[in-house]
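Enquirer: A single structure is presented below for examination.
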Amino acid sequence: MQLRHAASETALKDILEEARPELTPFEDIYRDIHSNPELSFCEERTSAIVARHLKDIGYEVHTHIGGYGVAGVLRNGAGPTILLRADMDALPVQEKTGLPYASTKVSRNKDGVEVPVMHACGHDTHVVSLMASASLLQSARTHWTGTLICLFQPAEELLSGSGAMLDDGLYDKIPAPDVVLAAHVMPMKAGTVGIRSGRLLTAADSFNVRIFGKGGHGSAPEACIDPVVTGAAIILKLQTIVGREVPPGQPAVVTCGYIQAGIAANVIPDTLDFKLDVRTCDDAIRERVIRAIKRIIRAECEAAGCEKEPQIDHVTSTPATINDHATVRALCNSFGSYFGKRLVESEPAGASEDFSLLARAVNAPYVMWTYGGIDPETWDNAVKNGTVKDLPSNHSPFFAPVIEPTLQTAVDAMSLGALTFLKRN
């Protein structure tokens with residue numbers, strides 16, 4: 001894809017410069033949210049900060065959507081409806097950034113286990129930049145007409161928050177959007193914005209599997225049906241799917257990241273549990289891989305003589321993020337005019353997002369772009385020394401975007417994105 005750096009659109013630049021709020025208070029909010037991260041479906045404090053801000057600047061506010069989801073609606077006459085989305089949840093990671101506002105929080109996860117919590121994926125940046133964009137676009141409302149929705153989503157890290165909001169009747173509470181937009185901070189040079197047409201992120205599916213054997217003494221395996229041996233055979237066999245059932249050149253990954261069975265060396269357990277993570281890029285390949293997983297698990301259990309069918313729970317499922325071509329073209333014109341050489345083409349990534357569900361539910365076009373969070377001097381030195389791959393990335397305990405120019409870049413890009421599609425006066 002060739003990025004188009006269009007001729008200067010003075011009007012858009014002038015709107016941003018005129019309406020952009022003073023960002024110092026938002027920097028303080030960022031530090032506060034970074035210091036007080038909340039796990040998925042636990043975003044009570046963060047959502048309250050968001051809702052209060054939206055109410056204070058005149059938005060119609062809906063709260064507790066699909067948990068702690070928040071939607072702010074600004075109706076400003078006839079025109080298209082544009083939805084801007086940010087995710088709010090943090091990760092069970094022990095922060096090691098050494099920042100004065102680093103998180104020291106500990107919280108109980110869904111299993112009741114106390115874990116450290118950190119905004120290791122930059123969702124605090126997403127929240128605060130959308131809050132500031134909401135202020136900017138409200139101040140600039142004489143320049144556009146239409147309806148603006150600022151949506152703050154819970155539980156993206158579980159790939160569950162968008163679905164939870166939809167299941168809770170999201171589009172019964174707010175207007176259905178004509179365009180859906182989102183952005184994600186990445187280990188790129190702060191001040192840069194990345195965009196691409198087509199696939200940006202992969203589809204993700206996860207499975208919890210239980211194998212039922214027949215336990216007994218380790219010295220008498222002939223009297224047992226060993227789920228450990230069966231599980232080991234299954235996990236090894238699953239690795240043949242990508243190499244033997246997926247065409248070369250089609251990206252796919254099948255990973256077993258968890259396995260548990262028994263507690264003693266001399267006891268064959270009754271059951272074995274394992275968890276799978278699957279990433280694909282093509283819908284047909286996705287279905288083929290999922291069918292193969294179920295076929296292999298059931299066949300190996302039958303071959304081992306398991307007396308009970310395996311339990312296969314498809315616990316999460318989210319489609320690939322595939323940016324709409326026409327929407328990207330329009331954004332490239334606006335972004336290219338404003339950011340110039342700071343606009344780059346994003347690389348496709350192996351990570352996954354549930355963002356696209358918000359658009360797919362109403363058959364709306366959508367785009368997610370990226371922006372950098374790495375200190376420019378640090379980035380330039382890493383490029384010079386060939387150490388870019390050593391820089392902290394999302395989910396690292398050392399990942400913390402530099403506040404500026406990251407925040408202003410994020411605010412400007414999100415506001416430009418909305419103004420690109422709202423009807424301009």
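Keep in mind that glycine also has a Cβ here, set from the backbone N, Cα and C atoms.
Sharing the features that TrEMBL gives for it:
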{"type": "BINDING", "residues": "Cys121, His123, Glu157, His184", "note": "Mn(2+) binding site"}
{"type": "DOMAIN", "residues": "206-302", "note": "domain 'Peptidase M20 dimerisation'"}
Enquirer: Could you work out which of the binding-site residues (Cys121, His123, Glu157, His184) has its C-beta surrounded by the smallest number of other C-beta atoms within 10 A?
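Expert: Least crowded of the binding-site residues Cys121, His123, Glu157, His184, by Cβ count within 10 Å, is Glu157.
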Enquirer: Across the whole of the domain 'Peptidase M20 dimerisation' (206-302), what does the mean pLDDT come to? Round it, please.
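Expert: A mean pLDDT of 97 is what the model gives the domain 'Peptidase M20 dimerisation' (206-302).
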Enquirer: Based on DSSP, name the secondary structure state of Glu157 (Mn(2+) binding site): helix, strand or coil.
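Expert: Where Glu157 (Mn(2+) binding site) sits, the three-state DSSP reduction gives coil.
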Enquirer: Could you put numbers on the helix, strand and coil content of the domain 'Peptidase M20 dimerisation' (206-302), residue by residue per DSSP?
Expert: 41 helix, 32 strand, 24 coil
Enquirer: Please report the DSSP secondary structure of His123 (Mn(2+) binding site), reduced to three states.
Expert: helix
